[in-house]
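Mind having a look at this structure? Questions to follow.
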Amino acid sequence: MNLITPTIILTIMLSLMMSIMQPHNNTKNNLMVLFLISLIPINPLLNNNELTLTLTPLIISPTENINISITLDTASLLFTPIALFITWSITEFSLWYMATDPNINKFIKYLLTFLITMLVIITANNMYQLFIGWEGVGIMSFLLIGWWHGRQDANTAALQAIIYNRIGDIGLIMTTAWMMTTSSINMQELMIQHEVVNIIPLLGLVAAATGKSAQFSLHPWLPSAMEGPTPVSALLHSSTMVVAGVFLLIRLHPILHNNKIMLTCCLILGATTTMFAAAAATTYFDIKKIIALSTTSQLGLMMTMIGLNQPTLAFLHMITHSFFKAMLFLCSGSYIHNLNNEQDIRMMGGLLKTLPMTSSFLTIANLSLMGMPFLSGFYSKDTIIETLANSYTNSWAIMITMIATILSACYSTQIMLFTIMEHPRTHHTTHKETKNITHPLARLMLTSILMGTMTKMSTLQTTTMVTMPKTIKLMALISTIIGVLLSKDLTHMTHHMKPKKPNKQNMFFNQLAFFNIPHRTITINTLKISQQTSTELMDLWTLEVWGPKGLSNTITNTIHLLTQQKNMIKNYMAIFTMTTMTVLLFIMSK
């Protein structure tokens, strides 16, 4: 790998920064050119080359010198064109979706800033630089989720996202501080010292990934984030914010892979997340929230692979997942515009006739998510299921991951049955599928079909002989078929059956295991106690001791003493004079 590669990466970063200063109409073409440029260094990836480039110093101190340093390896050079490609497609779609927004220029600039901060994470070679990008995607998600700040729900969702991510950020800060004081924040040096890494910074890494990638226990913010514009949801869930947590663990996996406790935590956390989110998605009818919970489920699958010591498979699934997930969100945005901002899939139907191309793209995206053979999702998901089935690590994790696979096929089919099939159930505002809609969706559709095959052809040079039983080999396909059949029954029950009493299991998953209740209760009570402590102990004590109350208490005794005087000065003087004279006469008589 020669100096052309870092030159190209630096050119891309500088061009993106310059694009922020230009009118938003040129952004689409700029991103297309940058994407084509970013494809040039892909050829050296086949040789597993790696290059580290150190630039100008960022912080100089007596104890630590921190330089701006980028690392160019397989992960960074492969994910950079993917992020550019998806942002290019989403930006072009946004020109139609946000056309009536008076601040569309600022919106496009926010999307570009979001992309830049993600590229900082991808190419960072030290923990401090990674933390800058980490905080960047956090603050940009806050601004974009709360874009429609006139809506109370959008403001609440933006605050919820940033607060949940603060919890994960504490873990990353703890890890960075620990590494800075004990070894080094340079990633190459961390990889060398992986044998002696303490468990505390590893806990911080897992906590950071849990918060950023919305794993179980810190998951409620992700469905709420759907209050933002649909292009924001597409970018957030495909190639930026939520994959940053898993990418962090993939990047720093060499310091994790020898710690069995942390790997077990990742395995259990990922398996629980993928099953829980898939089950919750089957209870929702908001199309964007279903897709959001689908993202959580797929992130749990990636976390499971990290727990099985297979970060390469997690990265492969991250790549394939980003294309069809972006396409799912953009298709849902087209539907929502067509139906006067209606997001309930029960109110949709017959969209194959009014939006034929969007419906076709949605079908392909859902089939890829289900793991339909020879689509891009199949090559990663099927490999993950086979790896799980052949692993002796944890049979419980295998079981609930298989349940999640069935449920993912279930809710994906449910989306298609409710939206595309049957007859319209609400008023349509038919719009022409312009090139700003079809072109990005067509590009994402091609990558959702071909990306898996291209990855296989470029990485697997020889055909591997299958040595596993046919039941294990076909396990993923069988699970998908079961999920499709199950969704047919669920759709029929939704349309034609009314429950006699509330379903507690349905309510449990629909309310996301009621995690909002303890989270908000603990927060509110903590704030109340803090406020009471501040006002009742600090403020009141200060006022009573040092303020007007304290001054009043100090001079009260003196005032009382003065008020006891009766102003009988003549009597007092006469008594004083007589006493004095008596004493003097007594002294003189002696």
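Every residue gets a Cβ built from N, Cα and C, even glycine.
Below are the features listed in Swiss-Prot for this protein:
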type	residues	note
TRANSMEM	77-97	transmembrane segment
TRANSMEM	104-124	transmembrane segment
TRANSMEM	130-150	transmembrane segment
TRANSMEM	167-187	transmembrane segment
TRANSMEM	190-210	transmembrane segment
TRANSMEM	230-250	transmembrane segment
TRANSMEM	261-281	transmembrane segment
TRANSMEM	314-336	transmembrane segment
TRANSMEM	355-375	transmembrane segment
TRANSMEM	398-418	transmembrane segment
TRANSMEM	466-486	transmembrane segment
TRANSMEM	568-588	transmembrane segment
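What does the local environment look like for each feature on the list?
For the transmembrane segment (104-124), the list of distant contacts is 9, 12-13, 16-17, 19-20, 23-24, 27, 69-72, 75-76, 79-80, 83-84, 87, 90-91, 94-95, 98, 130, 132-134, 136-137, 140-141, 143-144, 147, 187, 229, 231-232, 235, 239-241, 244, 247-248: same-chain residues at least six beyond its ends, Cβ to Cβ under 8 Å.
Within the chain, the transmembrane segment (130-150) has long-range Cβ neighbours (under 8 A, six or more residues past its boundaries) at 107, 110-111, 113-114, 116-121, 124, 157-159, 161-162, 165, 169, 172-173, 176, 208, 212, 225, 227-229, 232, 236, 240-241, 244, 248.
Distant neighbours of the transmembrane segment (190-210): 127, 134, 167-175, 178-179, 182-184, 216-218, 245-246, 248-249, 252, 254-259, 261-262, 265-266, 269, 303; these residues of the same chain sit at least 6 beyond its ends, with a Cβ under 8 Å from one of its Cβ atoms.
Within the same chain, residues 75, 79, 82-83, 86-87, 90-91, 93-94, 97-98, 111, 114-115, 117-118, 121-122, 130, 133-134, 137-138, 141, 144-145, 147, 168, 172, 205-206, 208-215, 222, 256, 266, 288, 291-292, 295, 299, 302-303, 306, 311, 314-315, 318, 321-323, 325-326, 329-330, 332-333, 336 sit at least 6 positions outside the transmembrane segment (230-250) and bring their C-beta atoms closer than 8 Å to a C-beta of that stretch.
Remote same-chain residues near the transmembrane segment (261-281) are listed as 199, 202-203, 206, 210, 215-216, 219, 249, 289-290, 293-294, 296-309, 393-394, 396-397, 400-401, 403-404, 407-408, 410-411, 509-510, 512-513 (criterion: CB distance under 8 Å, separation of at least six residues from the stretch ends).
Same-chain residues lying 6 or more positions outside the transmembrane segment (355-375) and placing a CB less than 8 Å from one of its CB atoms are 294, 298, 320-321, 323-325, 327-328, 331-332, 334-335, 338, 381-382, 385, 405, 408-409, 412-413, 415-416, 419-420, 433, 437-438, 441-442, 444-445, 448-449, 452-453, 476-477, 480, 483-484.
Same-chain neighbours of the transmembrane segment (466-486): 370-373, 378, 381-382, 385-386, 389-390, 402, 405-410, 412-413, counting only residues six or more beyond its ends whose CB sits under 8 Å from a CB of the stretch.
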Which listed range (167-187, 314-336, 398-418, 568-588) shows the maximal number of Cβ pairs under 8 Å with respect to the transmembrane segment (77-97)?
314-336
Give residue numbers and ranges for long-range contacts of the transmembrane segment (314-336): same chain, 6 or more residues beyond its ends, CB-CB under 8 A.
75, 78-79, 82, 86, 89-90, 93, 97, 230-231, 233-235, 237-239, 243, 246-247, 249-250, 287-288, 291, 294-295, 298, 301-303, 305-306, 342-343, 348, 351, 355, 358-359, 361-362, 364-366, 368-369, 375-377, 379-381, 383-384, 419, 433, 437, 440-441, 444-445, 447-448, 451-452, 455
